[in-house]
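Asks: Below is a structure I'd like to ask you about.
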Amino acid sequence: MISQVVDRSDAKLSMAHLYVAFGAVLLGGIAGLLQTLVRSGTIVLPAGIGYYQLLTAHGILLALVFTTYFIIGFFYAGLSRTLGKFYDQPYRMAWLGFVIMTFGTVLTTVMILLNEGTVLYTFYAPLKASPLFYIGLTFFIIGTWLAGGAMCHQYYICKKVSKKKLSPLFAFMAVSTMVLWFVATIGVAASVLFQFIPWSLGWVDGINILLSRTLFWYFGHPLVYFWLLPAYVCWYVIIPEIIGGKIFSDALARLSFVLFLLFSIPVGFHHQLLESGISPFWKFLQVVLTFMVIVPSLMTAFSLFATFEISGRRKGASSLFGWFKKLPWKDARFFAPMVGMLIFIPAGAGGIINASNQMNQIVHNTLWVTGHFHLTVASSVALTFFGIAYWLIPHLTGRVLTGRMHQLANLQTILWAVGMFFMSGAMHTVGLLGAPRRTAYTTYQDNPDALGWIPYEVTMALGGSILFIAIILLIVILTDLAFFAPKGKEDFPIGTVADQAEKTPVILENWRLWLTVVTILILVAYTVPVVHMIEHAPPGSPGYKFW
Ligand code: HAS
Ligand code: CU
């Protein structure tokens, strides 16, 4: 019998990850604030700290450390809640994963702080960091594999014990997300192990730049769905329970996760549309596949609207949009993810613009792209994660989310949305005016176009400052929830499926089938272009240290 609460030792495991996650938010947030102030010409950094050094710390701490630790911590708790207490073996593997991941994180962060790894979060060659930077990343990835292994093991044992063909929806989604992560990280691990480490140690003279970037984006695109899918877990499984509704369809939810697994990997070229050395045919093929991966997001939007409308009508809403008013707007557990969902509508539309082959020429390498990912990962995903933390942390620490904390958390969400409106809005606009991304303050010798960008950069700094206040407020709320809030029992909401939903076909949980299809898709999308990259490679490039 599964209890309604996370087991106490599993709770400790989950909390360990959440501490690191939110510690990273604080440090990464400080870097972010300073960046917007430098970029707008407001301040000059003291003590020899470089703009690009901060930018690297910001990217790694927020896009990699915060997200990954949060996701793993959230999944451990959810698996414990839906499958039951972790068995000994996966439990030990999970802690080992935590230790290895944290060792890697500390090593990489120290190298960035020592200014030995100022290569940004994409660590594009021929920028060359200290070998310890790449070795830290390797440990980080191995740690996440152990975490994924622990989850799959727990899932496997529980499935065997229960003899059911279908696992709980939460567990299925968590395992699919980790499987996506396994398949994706093979690319970056290959590049780091076989290209970057030997090259940075001086064992080989040159690196195949195009191949390294391709292996990075083979990983880099599914990485964005590794961030998004846990938010979708909340939207599909947790939000219906919070609003007093039902999950619209278990089958649709599972199908959307399967489609993400299939289509999120063979699409990395949409980050390399302006890279020479890849023929237009293969770029076009991956653009087509990119448009396929929009489908499961549209299915998600449809399913969420259905859940909202059905539950609103049950509560007596009769007009076309009357259900909108019946949603629990004052509940922080709902409000933060809901604002995330609303933001995902323009955020996703921006992604479709990026992917549209020719239009990519206008936006690529401009601040538009920075605007895009501050709406997607830094708003839709981040706000959903904050919304989860508001109930998950007190659930795990045996405390309650009080009415006063609901109010403060809602204020946090509003500040985040307002700050992001200014910052990301200005980034999108000035990107269309040609302002490049990843560039410190410069007027390009008082070039009139570049001078025209400055007001937008000041607006970015204004938004960034509001966001920083929101981060401080977030940390205050979470510290209260972890250590000071009144003792009590906070629910871990898990939705139930609507009665009218069709029965879920078991084929959706046929891993062998989906892994075969994904392997075929990857081979089709990548084999020929990668063979070309190796066969026609120019001499390997030496490394550069521009900082
Ligand atoms: Fe992206 C670049 C294309 C989604 C993150 N993306 C990036 C980078 C990041 C990133 C970090 O094709 C920069 C990487 C770098 O450093 O260079 N992106 C897409 C497309 C999608 C997309 C087609 N991106 C994301 C998500 C991210 C993310 C999600 C993070 C979590 N992106 C690109 C491309 C580039 C790119 C190019 C390269 C640009 C370049 O040139 O460098 C799609 O997945 C988007 C589909 C989404 C939708 C929206 C569905 C809406 C939903 C919400 C429903 C709301 C409800 C509430 C129900 C179609 C599900 C409503 C309620 C009411 C009451 C109204
Ligand atoms: Cu992408």
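Any Cβ shown, glycine's included, is placed from N, Cα and C.
Given the structure is predicted, the values throughout are model-derived calculations rather than measurements.
TrEMBL lists 1-545 with the feature domain 'Cytochrome oxidase subunit I profile'. Taken from TrEMBL, the feature transmembrane segment applies to 18-38, 58-79, 91-114, 134-157, 169-197, 217-239, 251-269, 281-305, 373-393, 414-433, 453-479, 513-534 (among others).
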Asks: Should anything in the same chain at least six residues away from the transmembrane segment (18-38) have a Cβ under 8 Å from its Cβ atoms, list it; otherwise answer none.
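Replies: Apart from its flanks, the transmembrane segment (18-38) reaches 44-45, 51, 54-55, 57-58, 60-62, 65-67, 69-70, 73, 102, 105, 389, 392-393, 396, 423, 440-441, 457, 460-461, 463-465, 467-468, 471, 474-475, 478.
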Asks: Taking contact to mean 3 or more CB pairs closer than 8 A (sequence separation of 6 or more), are the transmembrane segment (134-157) and the transmembrane segment (91-114) in contact?
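Replies: The answer is yes, given that the two segments have at least 3 Cβ pairs within the 8 Å cut-off.
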Asks: Please give the sequence-distant neighbours of the transmembrane segment (414-433): residues at least 6 beyond its ends with Cβ less than 8 Å from one of its Cβ atoms.
Replies: 36, 339, 343, 350, 362-363, 366-372, 374-375, 378-379, 382-383, 386, 449, 452-453, 456-457, 459-460, 462-467, 469-470, 473
Asks: Let me know the model's mean pLDDT on the domain 'Cytochrome oxidase subunit I profile' (1-545).
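Replies: The average pLDDT of the model in the domain 'Cytochrome oxidase subunit I profile' (1-545) works out to 95.
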